[in-house]
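Quick look at what TrEMBL lists:
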DOMAIN    16-48  domain 'PAS'
DOMAIN    76-128  domain 'PAC'
DOMAIN    143-193  domain 'PAS'
DOMAIN    218-271  domain 'PAC'
DOMAIN    275-494  domain 'Histidine kinase'
DOMAIN    509-624  domain 'Response regulatory'
DOMAIN    635-751  domain 'Response regulatory'
MOD_RES   558  4-aspartylphosphate
MOD_RES   684  4-aspartylphosphate
């Protein structure tokens, strides 16, 4: 075998470039691979020095090391940067071996060059990638450090659970909440977290759960959790999904805020409000009741000056009661405890009642209230008292800001799935930049009219809360100098287009005519409690229109009215064939002494003012031939720890014809009831020894006292649950403060009539 031939074949076919140079580095020969890697031909290289391929970029110390190693060891291996014939750089992994003769003298050098340019590029890219990774790692660590510091600096406990239900984030406060270090929470599954919460907090009501990507949408949630520790804590829990920029779910974050102190403060505030409510409303009930009785003639006739002063006192009492109620309403709204008891209501009845209640106030300011309510409006689903509160406030404001002699229009219209109520005035208007602010608490338009009319700045805020609680909207449209239109909507009752309920078969219709809407309302309530159907009119013209357009069984008529007075109305009624046979009962302070004259004009009965309701009812029944004979005088027990309230309520009821007994607390009342069962019980709740709740509980335990009619007269704002506990027989609840004499008497009549 010719080894020389084999070596030559290896030389010529090697993939690595091979160059042979003499001792002076002059090239003697190169193989084809070397030609390819350098770009030079064999002929161009032979006779040239090896530095023909140098780039000048290899550090000099590399060559110094190369010659040192060749001199000492006869070989060198390293990397150099060469330049291709076309000018491009290429990296060479170079191995040089020294060739010596028999005497040890250098005769040649053999270099083997491998092109490692691509590898060097890959190494450079790798180094760059590693540098970027390291930079990203350092940035991530810095961000993680900042995030940890940020999470630990907030007051809330924060936990994040990934799509598999594993905790991946927990701040210092989360550890404090569960009694662990944050690192003891991270890595735990949601099942382990629930177990930890149950062990440390006594509850496991947390919302922790996996948040798998691709499942149903995850909505933010809130929750309130009360622990069962030795000193219970209350947490507000907020949960929300965590997503990437493309919307993929990464997990769910939970934020917990310790609201223990806020909850305790809210409880204390509620107790304070209840106490203030009781301590303010109770004396206001006595003051207003006493003023009403004196003005109503309980102490005899009053000199004009005394009546004027007492009227001022009563008006300011009403103003103070409204202020107290506004403050209490705002407190209920803030606490989320405003109760709405919805029932189907006729928009026409709602507007009519509001106008009747505000007519006297409007007349004082020479303002005319007009209504525009078409027939056939659907009934609305609303709390009657709250809806009237809104309308009363808006109408009252309209009256206050309207110039004397102007008109305030109250309008109702069907709109979409609701009914819109409008209160339109001709006042000074509201600047455009303030219309969006007037529903905020304590905000009052800054103009002379506002400063003159006064007010707390709470009324519209309360109106807004009531309307929105009903699912409606409230807004104002106004322009300076052109008046204002306050509007709000209330949803209609499903299937609300229902005809007004027919008058019950056998009931009689009484038309009540008086220019004072308060008197109209009082008489109507008394009649309705006795089973009559009552219709009201506040002018002679309105009375004549009603009498001619519908069936009326009897008319009660005031004589002194503006426009067509009572005498003129009476003459027209008796002259018209359609109305001449309707019995008329005169109810007037001017009827006394004129009986023969009035009887001659066709009057069927006369009741003098101030009105005695028993006398009025007896007269009407006699006229209609429906009098059923005398009934035993009902016995009423009034229970209240405030002697002024006991006295005022007793006088009210005695003037209405009832026998009244009183008790100062639940214990005394219980003994009196055991001795003699009353026909009706009027009960305060906040009393010493035995309070109202405890007394009702005792009475419910005995069969013969379970069905006593009950009128709860309290300064407390009762919840539906508390009202359920305060039930005996027929039961009604009246709030002290805004209560008036007529309302108490009306409720008593209603309860006695229903039992």
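Just so it is clear, glycine is given a Cβ too, placed from its N, Cα and C backbone atoms.
Note that TrEMBL annotation is computational and uncurated.
When the modified residues 558, 684 are compared by the number of other CB atoms within 10 angstroms of each CB, 558 has the fewest. For the domain 'PAS' (16-48), the neighbouring stretch richest in Cβ pairs under 8 Å, chosen from 76-128, 143-193, 275-494, is 76-128.
Across the domain 'Response regulatory' (509-624), DSSP assigns 51 helix, 21 strand, 44 coil. Cα-Cα distance from residue 558 (4-aspartylphosphate) to residue 684 (4-aspartylphosphate): 37 Å (rounded to the nearest whole number). Counting residues per DSSP class in helix, strand and coil order gives 26 helix, 12 strand, 13 coil for the domain 'PAS' (143-193). Secondary structure by DSSP for the domain 'Response regulatory' (635-751): 52 helix, 24 strand, 41 coil. Shown for the domain 'PAC' (76-128): DSSP residue counts in helix, strand and coil, namely 12 helix, 30 strand, 11 coil.
Regional average pLDDT for the domain 'PAS' (143-193) in the model is 81.
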